[in-house]
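Below is one structure; the comments refer to it alone.
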Amino acid sequence: IRSGRDADAYEPDRDGDELPQGRFLDRERSWLAFNERVLELAEDPATPILERANFLAIFASNLDEFFMVRVAGLKRRIATGVATRSASGLQPREVLDLIWTRSRELMARHAACYQQDIAPDLSDEGIQLIRWPDLTEKEQARLFTFFRQRVFPVLTPLAVDPAHPFPYISGLSLNLAVVVRNPVSGHRHFARVKVPPLLTRFLEASPQRYVPIEDIIAAHLEELFPGMEVLAHHMFRVTRNEDLEVEEDDAENLLQALEKELMRRRFGPPVRLEVEESIDPYVLDLLVRELKVSDAEVYPLPGPLELTGLFAIASLDRPELKFPKFIAGTHRDLAEVESASAPDIFAALRERDVLLHHPYDSFSTSVQAFLEQAAGDPDVLAIKQTLYRTSGDSPIVDALIDAAESGKQVLVLVEIKARFDEQANIKWARKLEEAGCHVVYGLVGLKTHCKLSLVVRQEGDTLRRYSHVGTGNYHPKTARLYEDLGLLTGDPQVGADLSDLFNRLSGYSRRETYRRLLVAPKSLRDGLIARINKEIAHHRAGRPAYVRFKVNSMVDEAIIDACCRAAQAGVPVDIWVRGICAIRPASRLSENIRVRSILGRFLEHSRVFSFGNGGEPEVWFGSADMMHRNLDRRIEALVRVTDPAHRAALSRLLETGMADTTASWHLGPDGNWTRHATDADGQPLRHVQEMLIEARRRRRATP
């Protein structure tokens, strides 16, 4: 494992050609560019209006997490003196300045998009997001009653004076800073009122007219401070360091000793203060002083703050204002055309492997049905399963409980530390244990991120293993919104690999090599680099050669260096990335590298790795992104695709995603992304997701 090395002081291997400086783009800048692409979808008038509201909420939620984790980590590195340059050559201080400048621009654009486009356009469709003064007297009277009955009892006004120290402001909470005056003494006082997070963010004043909850509280502050004059109130919101796990960057290993105390406290230091533009300088000064934030961390914005509340608006039942409804179909290899009975998935897998592409192929009639059938089948002896993120009421969890209760051996490998999901994960892990499942909590120091299921079944005199290897979590809800791949197979090699890997995860196996899997942290990075290098040899020998990756993030320096070497040697390298990309394309050092990004109604989540291999293409897919944490500190698995039809389908997918006729963003050598949504004649380019939806619809229409 390379994790002992300092990731920020990455030294390339000194074999072969010297690679030029400047081949890495800054990862934080690249992440902000990714969130800008989300914002562009919200700004695009061609996106349905409720989906635009949804993208505004996604942008806000993404940025919250970015500040809580990445910005907090940078500040921590600066404060503790672990300030090595990043791979892009910038000092942490320079990166922080860049983030502050860029995020300020993006947050201003985000607020303007809401004020100038989204709110007025929603109003045109009869969904009015209004402020307290815009309400009718009747609406105000109704909301006053609501305030008295449902809001007032849960509010806690906290005074600030010599007897009452400044209260602790929890991360991401909405707060009112209130200035009151005592009419007797004439003294001004400051108080803080927290907006209860469990109350609905936008309340319906009358049908299709919504008002932010903080407006209702602000309009009735006299109720909270009887006998006092309310002089002013201002909204503010604090973002804190809440990255509970020390991960993400190898540099942070040095910090663990220094950080133990801090990490034990849930309350990290503030990293951002959002305030309304109209805030009184006296109040702002007090907040800045008490919260100990710098001027650069203060973000004045037009209200309302905290637009993640738009998720609720986006989920209103107005289908005509959303993307056209799409219902996933059952994969044709699993569909029982003849009968209405549930298909026998094991019988189907004895005939052939099934390549699933969610959400176009239904999760519930494939992966979920596979596990449910296994749970109810008397011939199934054992089920082994990894769970990284799932929902507590998940049918997957129910199936595993049923299996354990009917006497089957059930091993569940649970990853408790899926960030920000810890509570939920602990809950259903207990539920599984109580039912008699063997629950294992991963390997020390390694997160289990691979997506695997293994079913062992008695068939005559032999035991047969059936497997599922995927790119996405076993989470039926996200399976409808995330684009993911999965392989259901009865192949004995994959079955043997999964048996070995599960033994490694639950016991003391030291196996490092597998038949059809590449497994991190040992063989995955080296396996991919060896294959990239092999493409150079194929190219020099005049055989077909290419490298095509589809990933969520492309940051790992060793993988990037291998790609740059291949590109320098003349091998075409195509990278289809959703989020961060630190590889600099199409410059004189890498003219053979093309980078594209696609965002849309589904979150592109699958990871695919394809190699020309001298005319015999090799294709892998699985759970791993090209990041340190995935390759060094997580158990990840990629599976080799052996069925020629499956290889061809995945190659077609990658070609379509990279094609100039497909709508996408293109990364330039300067690190800037440009959106390509129309052709030279101004006609809209096709979106890969729309093409796949269309293909599924056509397939269903043909008998």
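Positions of Cβ are set from backbone N, Cα and C atoms, glycine also.
The shown structure was predicted, so the numbers you read here are calculated from the model rather than taken from an experiment.
Taken from Swiss-Prot as is:
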- HIS449: active site, phosphohistidine intermediate (ACT_SITE)
- ASN62, TYR482, ARG578, HIS605: ATP binding site (BINDING)
- ARG389, ARG419: Mg(2+) binding site (BINDING)
- 1-13: compositional bias 'Basic and acidic residues' (COMPBIAS)
- 1-21: region 'Disordered' (REGION)
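Positions of the features from Swiss-Prot, shown on the structure.
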residue	record	Cβ contacts under 8 Å, 6 or more apart
ASN62	ATP binding site	ASN35, VAL38
HIS449	active site, phosphohistidine intermediate	TYR388, GLU415, SER623, ALA624, ASN630, ARG634, ILE635, GLU636
TYR482	ATP binding site	HIS358, PRO359, GLY472, PHE602, LEU603, HIS605
ARG578	ATP binding site	PHE34, VAL551, ASN552, SER553, SER597, ILE598, LEU599, LEU603, GLU604, HIS605
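Secondary structure at ASN62 (ATP binding site), taken from DSSP and collapsed to helix, strand or coil, is helix. Residues ASN62, TYR482, ARG578, HIS605 are listed as the ATP binders, and the farthest two of them sit 16 Å apart at their Cα atoms. Taking the mean position of the Cβ atoms of ASN62, TYR482, ARG578, HIS605 as the ATP site, the remaining residues of that chain whose Cβ falls within 8 Å of it are ASN552, GLY579, LEU603, GLU604.
HIS605 (ATP binding site) falls within neither a helix nor a strand when secondary structure is assigned with DSSP, and so counts as coil. The Cβ neighbour count for HIS605 (ATP binding site), using a 10 Å radius and every protein chain shown, is 23.
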